Amino acid sequence: MVQEFGVAKSHKDVAFYASLLFTSFSLCQALTIMYWGRLSDRIGRRPVLLIGLVGNLISYLVFGLSRSFWVALAARSFNGLLAGDVAVVKSAVAEISDETNRARIMGFIPLTWNIGAIAGASIGGMLADPAHQYPSIFGNVKFFVNFPYFLPCAMGCSVTLIGLTFCIFEFEETLVRKELQSIPSNAVLSSGNNPSATLSSEGTPLLVTGQEAQTVQSPAQRQVKELLTPMVVRVLTTNFCICFAMTMGEQIYPVFAASPTSDGGLGFKSRSIGFSLAISAMAVFYMQLVGYPQLERKYGVLYCYQQGQALLVPIYLALPLLSLLSAHIEKATNSTHFSNFAQPLSSWDPSILFEYATMWILLSSLLLVQTAAKILASTSINLLTVNVAPSKTELGFMNGAQQMGVTIARVISPLISSFLWTWSIKHPYLYPFNSHLAWVVTSILVLISYLQSRKLPVSLNRFAADNNNSDSEPSSSN
């Protein structure tokens, strides 16, 4: 697509402009997502979801009809600016669930996202440039010749319209309004220079009279600095570190697997890389829908989060060691790639066959455990972000702040991982400054996140607002 826009002066510039299209969405989303989350705490979840869906609809249409790179870039950026959906959906899910089912319901968010990403990429690829892919059907349709990427964008619009229709007619507002309660008999009103009312030990707003009543703020009116308590900052910090690390690992693995063993890789071709990724995906459905909810009920959110991180550290350190075994097999079989053996498997020495099987068993085991550990960590941090919120009327802000960190991490981490990998294979120093460098840095980030999580209290295993009976009236915003 970038090549057809004619903005790239040579094929070497295509990757740069493609990355601009890819990152423009995330960069713009990072700028506004906390605002959308905060706004949803004031006006309700439903209006913000509607704005995001309408933004999707407009941006998809403009992107599909764009004839220049800069129009396409503007469409992607516009989409990112209005994309507050993820944070708001997490908030809505937290509000309609309780501690008995929240872990299972939260698990559906990344699960449906992954299914949509896989299906969307596959269908989009099949529908792109239909005039050339299906000349007998669309070859004479001038519209598809002039706008080769409109059809997949139109499919995206169709799916968005389904979501928009559901949101308009079926989605009920989940935000609750917390009313001020009267002073309990044992409440003590603090005095001092600050005329604002304080909270009792149970967290119930005290009723004040006269001018002091005007200073009482609802949760949605609190300043950001009031919400960023030390515990909240710690949760957001560990969220950023673990997301940064996991994204680095996701970016490094395909490059590591495809790189020659002389550069510290596995020497795989595309088929072997795809097979290894398919193996790791096998654990997703079970862990997300069955394994994690059971572990969370038995051990708690915080323990699951810590153990997920603890598992990732040795996995990231162990994966690059498989390059040594891969290099030995290549040398013994006179092959540079496992998909193109110089000798048939039947002619291999039994010891080499054993090493080959061992390598795949080790790789598969590491990838399966890595997938399980990532689900433990990612689902748990979503729940911890909910649980650290002071009340349900601040869930939008908390999830917006978390998603802002996730977005920034996903923009920066691929750049860092690519730089570390390229630098390490060009300057093969002693361990850890050789091909292991990117993996070691990833492990260190996970370790930092783990140490931060060790400082979190066990009270975060539960969301305090679940026990607040005053959160019962739905918002009137529509």
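Positions of Cβ are set from backbone N, Cα and C atoms, glycine also.
The domain 'Major facilitator superfamily (MFS) profile' annotation in TrEMBL covers 1-455. Here TrEMBL flags 14-36, 48-65, 147-169, 231-253, 273-290, 311-329, 357-384, 404-423, 429-451 as transmembrane segment.
Contacts between the transmembrane segment (357-384) and the transmembrane segment (311-329): present, as 3 or more C-beta pairs lie under 8 angstroms, all at sequence separation of six or more. Counting Cβ pairs closer than 8 Å and at least 6 residues apart in sequence, the transmembrane segment (404-423) and the transmembrane segment (147-169) reach fewer than three and form no contact. When Cβ-Cβ distances below 8 Å are used as the criterion, the transmembrane segment (429-451) is approached by residues 238, 241-242, 244-245, 248-249, 252, 256, 259, 263-265, 306, 309-310, 312-313, 316-317, 319-320, 323, 416-417, 420-421, 423 of the same chain, each at least six residues removed from its ends. Sequence-distant neighbours of the transmembrane segment (273-290) (same chain, 6+ residues past either end, Cβ-Cβ under 8 Å): 104, 107-108, 110-111, 114, 254, 257-258, 363-364, 367-368, 370-372, 375-376, 379. Long-range contacts of the transmembrane segment (14-36) within its own chain (CB-CB distance under 8 A, at least 6 residues past either end) are made by residues 2-3, 5, 7-8, 48, 51-52, 69, 72-73, 76-84, 86-88, 396-397, 400-401, 403-404, 407-408, 410-411.
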